[in-house]
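Trainee: One structure is given below, represented as structure tokens, and several questions about it will come after.
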Amino acid sequence: LAQSLFALFASSLAISLVFAIIPLCHNVVVLAVVMAVAGLAMGCIDTISNMQLVKIYQKDSAIFLQALHFFVGFGALLSPLIADPFLSDTNCILSNSTANASSNLPHIRKSLVPHHPGNLSHYDLPMKGMVVTRVSYAFWIMALINQPVNTFIFLLKVYRWVKKEVVPAEVSSAPRCPTSSMNLCLAAERKTNPHCGLASTQPRGDVPAKFALHCFSPGHDDLFSCCQSKNFRGASYTYFAVHITGALVLFMTDGIVGEYSGFVYSYAVEEPLSVVHKVAGSLPSLFWGSITLGRLISIPVSHRMKPATMVFINVVGILITFLLLLIFSYSVVFLFVGTASLGLFLSSTFPSMLAYTEDILQYKGCATTVLVTGAGVGEMVLQLLVGSIIHDQGSYSFLVCGMIFGGLAFTFYAFLLFFHRMYPKPSAATDDASPDKAAVTGDTGQYQR
């Protein structure tokens, strides 16, 4: 946890610095490097926050994961509103062609939606002249808004350090051996667990120091334990199959989030719908608003419903929504209804899948890293794929691609259910070195096998 808090603090601080530096970047290469740093920091925050919630709350983690991802969607919905007052209604660069290009600005403004811009390639804007934009203030405001987060993480790390120094939790809850037989006790324990040692309390007045035997689990005490090959010895094939199929489900569902929010505007303004730009610009906002609302609703629902059931409802709902969007592809009204419905079904897929997969794998947290990576790769790859297909085949292929991705998500989820049934149940006879062994936590919060 100490390493995770340090990584969260460093990543959050890096994001603040990136937002402060972006307006000062006058070279596209420098801007690309700065944005890459921001992406790495956001990826660290995404992975670590999900992993720690799973390891800390275990069977109750579904509720906390839903709350976490509600704030992700809430931030995606609010950030454009913070930037909106600083976006210009005229050209950001004044030149002789200002009058001719100014009519394009409302369309461009409406297409700058959360996360993904619309198709701007057919707009001509001046590249030379006097810069009159105030958008830099939006970046600096976001950098300042992030400072309380940095402060809170730092204070939490200090609190953990003080608590550990004053009252060592490992000592207070560790099994005690008589002082006279401490060496014999240690030798006996090390035969079964070589990672045992002696810990002692500080003497206070006439109270002598007490010795305790403290054993810890190798491979689960640092941030990079999931990468150690020794943790995979003795694992069954279903152990890897659960990781892979879970990651593939999120590859598809998060890819749908990216491609739909990125291209629904372009799809709406093209034939046969030909929605006016101002109305089409509200579709991505409706989509992200539905995702945020769905995650808020999922917080109490996840307390009553199992994660596996929620994921099943989500993938089936995604598939049915795309099918209806294809059937009523000429209806503008149903495009809005379908967009809201799709956002609701996609909203809780990510946190529910994390909770379900970690429930199968006994809440070690390692699966979270695989699943978050799969979701991020899907969001990147499927956008590139759909963008190239729309360019070659036309806007109708946008819904066809969504239908295919939804069908693949359902298929991979069916495989996940199959491997869950095949996955061996944890028992006392399970080898301690096997990942199939259930993780047990004591009062210290330190995970042991």
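Every residue, even glycine, has its Cβ placed from backbone N, Cα and C.
Worth saying up front: this structure is predicted, and the values here are computed from it rather than measured.
Quick paste of what TrEMBL says about this protein:
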- 427-449: region 'Disordered' (REGION)
- 30-49: transmembrane segment (TRANSMEM)
- 61-82: transmembrane segment (TRANSMEM)
- 137-156: transmembrane segment (TRANSMEM)
- 237-257: transmembrane segment (TRANSMEM)
- 309-328: transmembrane segment (TRANSMEM)
- 334-356: transmembrane segment (TRANSMEM)
- 368-390: transmembrane segment (TRANSMEM)
- 396-419: transmembrane segment (TRANSMEM)
Trainee: How about long-range neighbours of the transmembrane segment (30-49): same chain, 6 or more residues beyond its ends, C-beta under 8 Å?
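Mentor: Cβ under 8 Å, 6 or more out: 4, 7-8, 10-12, 14-15, 18-19, 21-22, 68, 223, 368-369, 372-373, 376.
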Trainee: Where else in the chain does the transmembrane segment (309-328) make close Cβ contacts, counting only residues six or more beyond its ends and a cut-off under 8 Å?
Mentor: 249, 253, 256, 298, 301-302, 334-335, 338, 341-342, 344-346, 348-349, 352-353, 356, 399-400, 402-403, 406-407, 409-410, 413
Trainee: Most CB pairs under 8 Å with the transmembrane segment (368-390): which of 61-82, 137-156, 237-257, 334-356?
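Mentor: So the stretch in question is 237-257.
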Trainee: Are there residues at least 6 beyond the ends of the transmembrane segment (137-156) whose Cβ is under 8 Å from a Cβ of it, and what are they?
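Mentor: The answer is 5, 8-9, 12-13, 15-17, 19-20, 22-23, 79, 82-83, 85-87.
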Trainee: In terms of Cβ proximity under 8 Å, which residues at least six beyond the ends of the transmembrane segment (61-82) contact it?
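Mentor: Result: 49-50, 53-54, 112-115, 138, 141-142, 145, 285, 288-289, 291-292, 295-296, 298-299, 302-303, 307, 347-348, 350-352, 354-355, 358, 363.
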